[in-house]
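> Just dropping this structure here.
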Amino acid sequence: MKWTDYPMTTTSSTTMTIQRPPKVRVAIDLKQIKGNRITWALIPPTGYACSLIETWLKEPNRRFRFHFLSNRNRDRGGPACRGIYNKMTHAIILPGFVSLSGLIQCFVNTRKPEFGLGVVGLMLKRGFSVNVFNINLILKGLCRNNEVDKAVGLFGEIKRNGVLPDIVSCNTIINGLCKMKRLEESLNILYEMDDLGCCANLITYTTLMDGLCKEGRVDEAMELLEEMKREGLDADVIVYGALISGFCSREDFDKGKALFDEMLEKGISPNVVTYSCLMHSLCKMGQLKEATAMLNDMMQCGIRPDVITYTSLIGGLCRGGRATKAVDLLNLLLDKGEEPDDMTFNLLIEALCKGNRLDEAVEIYHMMVERGSSGNLVTYNILMGKYLTAGIIDKAMEMWKHILELGLVPNSITYSIMIDGFCQMGMLNVAKGLFSKIRASGLDPTLFDYNTLLASLCKESSLEQARRLFLEMRNAKHEPDIISFNTMLDGTLKAGDIQSAKELFNDMLQMGLTPDAWTFSTLINRFSKLGQLDEAKSVFQKMVACGFTPDTYVYDSLLKVLCSKGKTEEIFNLIQQMADKGVVLDSELTSTILTCLCNSSEDLDVMKLLPTFSQETSKGIRISCNELLLKLQECHPVFHQHAARD
């Protein structure tokens, strides 16, 4: 028997004795809802009264003090609505359509949209018709929970069961699909809308264009813009902002700026997002003057820059090597009442560390902590790396301790920084221990980690360990790169194992790797030191044939081996070749040339050259090989005749 079946009065002469359902505290009408407080009356509830309360409870952003019997709870209405529903069913009141609709919204608001589907089933069981409004609530809840597949399934199910989706349904599904980067499916919904009797609106097109732009498909977004215009819809600042952001993301600033100008011509006022996108793009291009001018224009238009705007400018200044100006901008940001985020601080800390201004970077870190931010993993990776580079191990370990205390999980970058830092300090055993710990942490060593350890092992002449690590790298499906092979070639030739070096070189070619300038330079240097003149000359010729320009290191190596073999004529030829190439000499190469010439001729008066050269090099001035040849020819006629003959 329903509550409505109980008679409130009787006209019969016979008095009926019935058992009343439990009395429940309930507000009888909205007049008793005062402020944020409900005045309760101890009366039996009616379905209307319960529905009325549910309507009030589900209003967004309403906070209230809810008293239910002896419990005192503070919430936003979801649990309260469910509590009312429970009391209604306990009082044998079957909730009506409004009550059940309110319950669906409560489940959606508490992120339990699947329970809302259960309420839909209850509605059908009670004989109510399910309308599209309730379905839209559930679609919204599912998409908000990233349960897009369920939302798409429900969308298809309602079409098959006679509930026609409306524009809200379509926009909800399109938005959910775009957020999951399922753009083709979202576009298909657009094309189906005509069949459903829905006309795409500004929200539809804006959502799709934003999704396309975020995936770099800006040209397709522009096509949608034209289609939208043909449908008689005018683009607003949100549409233009999405397109401008898309063009700036693919580094096409000119098209983004053209859209910005078009927007201004149409009288559409840009917002902080629009300006920030363009300024960020300008900063990435190094056009800080133009970015600053845009900031001034923005403020003159009464638009207040936010932390993203300032962070873009700070990032541009940091990339341009102007860390001091970036710090000044941080102070301006603080003066304007904006609160920097972790990215803002990290940009400054990194820039100061790169500029070898570690003390100032630490000051920024302390400022960050004082303002209530503990920093993130990026913060500690930067500082720990710089401390290790500077050889300040105790401070580096302090950063490592902070990482663990804050509950941050070290990533592969963290371990790479530490392995590299300890290798640079010659603490190879510590680096190897960290390398082993990577796997224990559930991570895989990176190619950089392998190459770093290989270089340190070869430097310490631990060739066998390096070979084992190189083999392990290949077995672990980390294909060695050109750096790996260059390192192993250098270490192998350093150990005098020419045959193994040739086999390594052939393996490198078979893997499709092309030797670079460092490969040729390494081979020439090591073959020269081993006295393998023919091998060194052969590699030199291949290097030139491949289009690489030998550097002073290569020429120095060749001159030394030629000198050791007494190849005077070839020394003169190589020096002349260096002069023709315009090689600029450093002190090492000049010293090698003079040594070669002294050993090749007893008549050369080196003392006439050394004072002049010493004065120039002491001031850090380099001279060209041609200048040195002219000086040699002036004071040594024999060399002049030899050079002329060549």
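Just so it is clear, glycine is given a Cβ too, placed from its N, Cα and C backbone atoms.
Nobody curates TrEMBL annotations by hand; they come from automatic prediction.
Not my notes, these are from TrEMBL:
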| type | residues | note |
| --- | --- | --- |
| REPEAT | 131-165 | repeat 'PPR' |
| REPEAT | 166-200 | repeat 'PPR' |
| REPEAT | 201-235 | repeat 'PPR' |
| REPEAT | 236-270 | repeat 'PPR' |
| REPEAT | 306-340 | repeat 'PPR' |
| REPEAT | 341-375 | repeat 'PPR' |
| REPEAT | 376-410 | repeat 'PPR' |
| REPEAT | 411-445 | repeat 'PPR' |
| REPEAT | 446-480 | repeat 'PPR' |
| REPEAT | 481-515 | repeat 'PPR' |
| REPEAT | 516-550 | repeat 'PPR' |
| REPEAT | 551-585 | repeat 'PPR' |
> Looking only at the repeat 'PPR' (341-375), report the model's average pLDDT.
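Residues in the repeat 'PPR' (341-375) carry a mean pLDDT of 95 in this prediction.
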> Taking residues 6+ outside the repeat 'PPR' (306-340), which of them lie with a CB under 8 Å of any CB in it?
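Sequence-remote neighbours of the repeat 'PPR' (306-340) are 272, 275-276, 279-280, 282-284, 286, 288, 291-292, 295, 298, 347-348, 350-352, 355, 357, 360, 364, 368, 371.
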> Please give the sequence-distant neighbours of the repeat 'PPR' (131-165): residues at least 6 beyond its ends with Cβ less than 8 Å from one of its Cβ atoms.
101, 104-105, 107-108, 111-114, 116-117, 120, 123, 172-173, 175-177, 179-180, 182, 185, 196-198
> DSSP-wise, what's the residue breakdown of the repeat 'PPR' (166-200) into helix, strand and coil?
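Its residues fall into 23 helix, 0 strand, 12 coil.
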